[in-house]
Amino acid sequence: MYAEALNTYQVIVKNKMFSNGGRLKVNMANIYLKQRNYSKAIKFYRMALDQIPSVHKEMRIKIMQNIGVAFIKTGQYTDGISSFEHIMSTSPNLKAGFNLILCYFAIGDREQMKKAFQKLITVPLEIDYDDKYISPNDDPHTNLLIEAIKNDQLRQMERERKGMAEKYIMTAAKLIAPAIETSFAIGYDWCVEVVKASHYVELANDLEINKAITYLRQKDFYQVLYFKKNIFMNIVLVEASEGMSTMWLGNEFAQATNYADLAVISDRYNPSALTNKGNTVFANGDYEKAAEFYKEALRNDSSCTEALYNIGLTYKKLNRIDEALDCFLKLQAILRNSAQVLYQIASLYEIMEDPNQAIEWLMQLISVVPTDSHALSKLGELYDNEGDKSQAFQYYYESYRYFPSNIEVIEWLGAYYIDTQFCEKAIQYFERAALIQPTQVKWQLMVASCYRRSGNYQKALDTYKEIHRKFPENVECLRFLVRLCTDMGLKEVQEYVTKLKRVEKLKEIREQRVKSGRDGSARSRREGSGSGDSGGSAKGERLSAKLRALPGTNEPYESSSNKEIDASYVDPLGPQTERPKTAARKRMDEDEFADEELGEDLLPE
């Protein structure tokens, strides 16, 4: 009830007999600050500052700090700097020091950022250091006293204050490092040197790690390797090795293996090091050996969920489905409602040809991540295989709504509408597919076919003409142009007939050349001794490969490639099987285009 509070305060402060009006004006300013009325908040803070005597030093410092924060909120960084500089010169504290750095960062003053950072790390914490809690001798009374105060409320407060100081310093260093020098690396080096010269020397290693992580985010892996000279020592050695091994160093698995080995040597009982070593072996395809490393990690730490997850993936790769399922069910008991685990269990039941269980687990998955387009499309696929078209359509449509660029889903929805005789609705899906894969003639032909089936012959003709302009050697397009022009009695029919004959002739010549090249290669291999024969064979194979590379009329212009899915811990999806064609898709492929097949079915991502 801010309005009522302000009215009450106004009545009180107007009374000249009340001597503590300054404190109430602080409360009024706080209300204005909460209401985001920053100009009035600053006005009342300044009035309070004028009325509070200088003997109340701590109160005045807090008011100055609030004034500085209000100036930051309004973007008046120069005025904020004045407030925080005054605080740092009279009674320095961590919050004021950090806010001063923020103000200088906002106005881009490099030199002042450096000076403010140096002021921040010299703020006295006024706490006892750990030496106080170490017994200097074996006196039992002293030991009892130290044991009593080792974790009392004062000690806990000291820990909190030190943790807060470290957080402010680390955040400030990460903020200003890219801004104080020409590159973030030089900026980090300056921050590290300043920290090393302070009593926060243990933070220097953390800053070095942050610098390495920044390089990793920029995918500058060779710069990361440089850090092995600086930060690979004691426990930092293990942490950095684990981090580098986890990032896989791009595709340099040999280097990743070396660092994983280094981590294991440093600490053989570290479950993270063993898990990362198992990951490098997994990536090289040695699944049995990878399983041994994951088992060893679990023996050292039975709660290492990464190792349990990865051993499940390994058993899945080895086709030991029951053991893989057992691992993921155990993991489900530990990590309730983990999307990755739920997906893997559903995938295993699908492999075991138990679609009802697979559907049940996928339903649990979408209750956890209702917007996961892949899980929704997988549910649609399972219902489709079971013959439940309406449920399949519901989940495929939801998947499309959340991710409208999945070609598999778009193709199914288009085929569904064709199967249900709603060709007009199928057009939007094939048009989107054509936008995603503009060099695939198949989608544009399907758009034209839908126009033709729905009776819009003029639009179909215009679409076929546009396809012919982009793909002048496509036989199917020319055949339909000839058919449409004939049915509509257009004069262009003769032009398209001539082009069709020419393209078919070229296609026939191509096929003959390819066949002769293959025959020549086979004959050379049969005769096969001597360099001359092998040279002829190679020449024939090169010619054959060159001809095969040309886009034929019975293939998509650009063939899709099946993308391998990485099986490391960070990618839970695992391998997927190709979806069989539905009746609708078969009809779509076999309808008017039965004389010339359009190309292979798209492979799943």
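Yeah, the Cβs are placed from backbone N, Cα and C, and that goes for glycine too.
If you look up TrEMBL, you'll see 511-528 (among others) marked as compositional bias 'Basic and acidic residues'.
The annotation compositional bias 'Gly residues' is assigned in TrEMBL to 529-538.
Look at TrEMBL and you will find 578-589 (among others) tagged as compositional bias 'Basic and acidic residues'.
Per TrEMBL, compositional bias 'Acidic residues' is recorded for 590-605.
According to TrEMBL, the feature region 'Disordered' maps to 511-605.
As a summary of secondary structure, the repeat 'TPR' (22-55) carries 27 helix, 0 strand, 7 coil according to DSSP. Taken from TrEMBL, the feature repeat 'TPR' covers 22-55 (among others).
Look at TrEMBL and you will find 61-94 (among others) tagged as repeat 'TPR'. In the predicted structure, the repeat 'TPR' (61-94) carries a mean pLDDT of 89.
For 271-304 (among others), the entry in TrEMBL reads repeat 'TPR'.
With a cut-off of 8 Å between Cβ atoms, the residues of this chain six or more beyond the repeat 'TPR' (305-338) that come close are 271-272, 274-275, 278-279, 282, 287-288, 290-291, 294-295, 297-298, 344-345, 347-349, 351-352, 364, 368, 567-569, 572, 574. TrEMBL lists 305-338 (among others) with the feature repeat 'TPR'.
Residues or ranges marked as repeat 'TPR' by TrEMBL: 339-372 (among others).
Marked as repeat 'TPR' by TrEMBL: 373-406 (among others).
Positions annotated as repeat 'TPR' by TrEMBL: 407-440 (among others).
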### Task
State the residues, same chain only, that lie 6 or more residues beyond the ends of the repeat 'TPR' (61-94) and have a CB under 8 A from a CB inside it; answer 'none' if no residue qualifies.
26, 29-30, 33, 36, 38-39, 41-42, 45-46, 48-49, 52, 100, 102-104, 106-107, 116, 119-120, 122-124, 164-165, 168
### Task
Taking helix as H, G and I and strand as E and B in DSSP, count the residues of the repeat 'TPR' (339-372) in helix, strand and coil.
27 helix, 0 strand, 7 coil
